[in-house]
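Following: one structure in structure tokens, then a few remarks.
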Amino acid sequence: MFTLNFLLISARSSQTIAVTTARHRGTQRVGVKNLKVLLSTPKSHIFIRIIICLFPTVDFLRNLFSKTLGISGEKVLDELTLEGVASYIQSGKCKNIICMVGAGISTSAGIPDFRSPDTGLYANLQKYNLPYPEAIFQIDYFKKHPEPFFALARELYPGQFKPTVCHYFIKLLKDKGLLKRCYSQNIDTLERVAGLEGEDLIEAHGTFYTSHCVSFMCRKEYDLDWMKEKIFSDDIPKCDKCSSLVKPDIVFFGENLPKRFFTSMAMDFPRCDLLIIMGTSLQVQPFAALVGRDVAHISTCDDGCLAFADLLGWKAELEEMVKREHEKINSKAEEEQTAGKAESGKAESGKAESGKAAESGKAESGKAEVE
């Protein structure tokens, strides 16, 4: 059966409107004036992406698909707007939502994206004296010069930032029983902090959550706390077993994406009723090849999610979730800070007591010598 998979583009995405069709097994080209058909073949099925140049009507497109491709032209959205997408969700027909997210959903948390001209990560790496900005995430360069990556990791390490409205909107989709999966290009783990679990997430570019020895003969695994201790002590993480470098399980240029990305993609996308894309310019493959675009809402990611939640009648619930969860994070941080000060105080007190004991011992020794 033919299904239209509608999606929302928010924030740093193109304003081009497009229609993506899925679950059609043919490979025909549609020779129609003002339309350019792009074919891509991710794994088991073909996505046909049609970029609309002169914005034909929805009825025209429906008839085109029906006559030329021999597939059903069933109307899914009443209108190609954010309101139309909200109505589709509220109708009860939309049961499996996939979110695809990139660095743009974390910028309001204080984490820079990669490619913005002045504020992006790649535009601010001069201090590391790299041969080119992307080298900091090149696996061959990392093995020879790990210092720049770990210096950057100290600045961006998970646990220093709070999830955004956008992260909690995705969590709200999960709570409503609508989230099939969240495919993330991000390595900041904020989806996990917001409440998504391993089964909810495909971390396409890996994660800081676990780390492994880079030696193929070893591959010993290390957890987040171990890596954090090494990074913040200014040590280059080395394997306890073989002394090779240990790297967080983020995908560097020159490495393969996790196998789970491909196996889940093949299962999830044919069942997708709605695809929501936020915070990505879709410039990095193979993530970029998965989709086209149907409905565009141009704003910041957080504002887009608030507007979407408002149309769905979820805005108050979303705002309350953000407030409640941020208070929990702040409270935990204060407790950890207090505990850290207490430990530091104990250590200082121990040093002082030790010093007093040493002085007392010297004094006693002096008395004995006088006597």
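Using N, Cα and C of the backbone, Cβ positions are placed for all residues, glycine too.
Note that the coordinates shown come from a computational prediction; the quantities given were computed from them, not determined experimentally.
Taken from TrEMBL, the feature domain 'Deacetylase sirtuin-type' covers 75-315.
Here TrEMBL flags HIS205 as active site, proton acceptor. The Cβ neighbour count for HIS205 (active site, proton acceptor), using a 10 Å radius over every protein chain in view, is 21.
Residues or ranges marked as Zn(2+) binding site in TrEMBL: CYS213, CYS218, CYS239, CYS242. Around the Cβ of CYS218 (Zn(2+) binding site), 15 further Cβ atoms fall within 10 Å across all displayed protein chains.
Annotation comment: TrEMBL describes 325-335 (among others) as compositional bias 'Basic and acidic residues'. Beyond the ends of the compositional bias 'Basic and acidic residues' (325-335), by six or more residues, the same chain brings 162-163, 168, 193-195 to within a C-beta distance below 8 angstroms of the stretch.
The region 'Disordered' annotation in TrEMBL covers 325-371.
According to TrEMBL, the feature compositional bias 'Basic and acidic residues' maps to 343-371 (among others).
You'll find the Cα of CYS239 (Zn(2+) binding site) roughly 23 Å from the Cα of HIS205 (active site, proton acceptor). Taking DSSP states H, G and I as helix and E and B as strand, the compositional bias 'Basic and acidic residues' (325-335) has 11 helix, 0 strand, 0 coil. Working note on the binding-site residues CYS239, CYS242: by count of other C-beta atoms within 10 Å of each C-beta, CYS239 ranks first.
Taking the centre of the Cβ atoms of CYS213, CYS218, CYS239, CYS242 as the Zn(2+) site, the nearby residues of that chain (Cβ within 8 Å, site residues left out) are VAL214, SER215, MET217, ARG219, LYS220, ASP240, LYS241, SER243, SER244, VAL246. Around the Cβ of CYS213 (Zn(2+) binding site), the same chain contributes ARG219, LYS220, TYR222, CYS239, LYS241, CYS242, SER244, LEU245, VAL246, each under 8 angstroms and 6 or more positions distant in sequence.
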